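Taken straight from Swiss-Prot:
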type: BINDING; residues: T10, G11, S12, I13, G36, R37, N38, N121, E123, G202; note: NADPH binding site
type: BINDING; residues: K122, S148, E149, S173, H196, S209, N214, K215, E218; note: 1-deoxy-D-xylulose 5-phosphate binding site
type: BINDING; residues: D147, E149, E218; note: Mn(2+) binding site
type: REGION; residues: 367-390; note: region 'Disordered'
type: COMPBIAS; residues: 370-380; note: compositional bias 'Basic and acidic residues'
Amino acid sequence: MKRVAILGSTGSIGVQALDVVGRFPDRFEVVGLAAGRNAPRLLEQIRRFRPRVVSVCDEAAARAVRAEAPPGTEVLSGDAGAVAVASHPDAAFVLAAISGGAGLRSTAAAIEAGKPVGLANKESMVLAGELLMARAAAKGVPILPVDSEHSAIHQSLVGHNRGEVRRLILTASGGPLRCTPEAELATVTPERALKHPNWSMGDKITIDSATLMNKGLEVIEARWLFGVEQQRIDIVVHPESVVHSMVEYVDGSIVAQLGISDMRGPISYAMGHPERMPLDLPPLDLGRLGKLTFEPPDPARFPAYTLAYRALELGGTAPAVLSGADEAAVAAFLARRCSFTGIAEVCADVLEAHVVEPVRSVEQALAASEHGRREAEKRVGARAHAPAGR
């Protein structure tokens, strides 16, 4: 029986992780849950899984949960609450799935507490990947990726000598706008950009998929998770989302992981590692699928992913600033205050204006991300009030 804590339990990944837990009640026990403000969903999870401790993002939500939670459930709030769940002494595994930079402190706390981490919060690696991997190595803590691409790379590295890796190849679906002409992208609506053809995800990551910023952030994540320089990490667009990523070795051989587009696959791989669990999911029928297609990404239409390579080149706080700027720009797009193409333009402006510093602490990384967010919000506001034709 593995005792688990799930951070971000009411989000897309958290809900699917609890679905996996529910399928294997003899393998997992939930000891802690951390959520945002969705008190009704958290209460449903509490009643079903009976965790010992839960946390929500603020005290108002905590009061609502305390009023209805079963006796014996400790209800905490804020960053301190999420950190307490992540470092709970009874947790033997922590699934880190809080979206955005908000998940960094709790992910770092799990590592410091010596907990194996299933990492679904890529922003933690983007903001402070070098720092977190150094602490994980010092603590002897395994970090198992939950992103489908990084899970695929992890699986494709098993049994191989990492010194023989030539490059990592991250696949991208291309998102809902892959075939949209460049001239139409500026007028794309949030509703259209949110219609992902293959994956069921939260709004922010779905927009990042549409801009290809998500793939750029995954390049940064892969840089630190696998210790491979960005010059040896490539992106290929693969619309079917069947090949989840690949590893090319020095002899030219390519090892890939294939599967259906269902996040419960990589979630169960991380949670059950080193064992695989028999999931009752539809099989991948390659004969019926017929073909797999691949194409290079188009930096002219989707320049956002190139900013991640630029951020790694700049180093230090640059990736954290880019991540914060992207969070603000995506939020502005969803609120109809920024155009679709404006997301990458705002992020590029913020990144190039940033004065880079080395990342020495989690708090410094968070401050850099917040700086990126503020600078992006300023630019969104300035663009909204710019004279027509400017």
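Easy rule for this one: first residue shown is 1, then count along the chain.
Backbone N, Cα and C define each Cβ position, glycine as well.
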Other C-beta atoms within 10 angstroms of the C-beta of S12 (NADPH binding site) total 19
Spatially speaking, which of the binding-site residues S12, G36, D147 is closest to H196 (1-deoxy-D-xylulose 5-phosphate binding site)? Use C-alpha to C-alpha, please. S12
How many other Cβ atoms are found within 10 Å of the Cβ atom of T10 (NADPH binding site), counting all protein chains shown? 23
Per DSSP (three-state), D147 (Mn(2+) binding site) is coil
Quick one: Cα separation, D147 (Mn(2+) binding site) versus K122 (1-deoxy-D-xylulose 5-phosphate binding site), in Å? 8
Simplified DSSP label at T10 (NADPH binding site) comes out coil
Tell me the Cβ contacts of E123 (NADPH binding site) under 8 Å, same chain only and six or more apart in sequence, or just say none. S99, G100, G101, G103, L104, L217, S323, S369
Other C-beta atoms that fall within 10 angstroms of the C-beta of K122 (1-deoxy-D-xylulose 5-phosphate binding site): 28
Name the one residue among K122, N214, E218 whose Cα is closest in three-dimensional space to that of T10 (NADPH binding site); these are the binding-site residues. K122
Restricting the comparison to the binding-site residues K122, E149, N214, E218, which residue's C-alpha is spatially nearest the C-alpha of N38 (NADPH binding site)? K122
If you measure every Cα to Cα pair among K122, S148, E149, S173, H196, S209, N214, K215, E218, the residues listed for 1-deoxy-D-xylulose 5-phosphate, what is the largest value in Å? 19
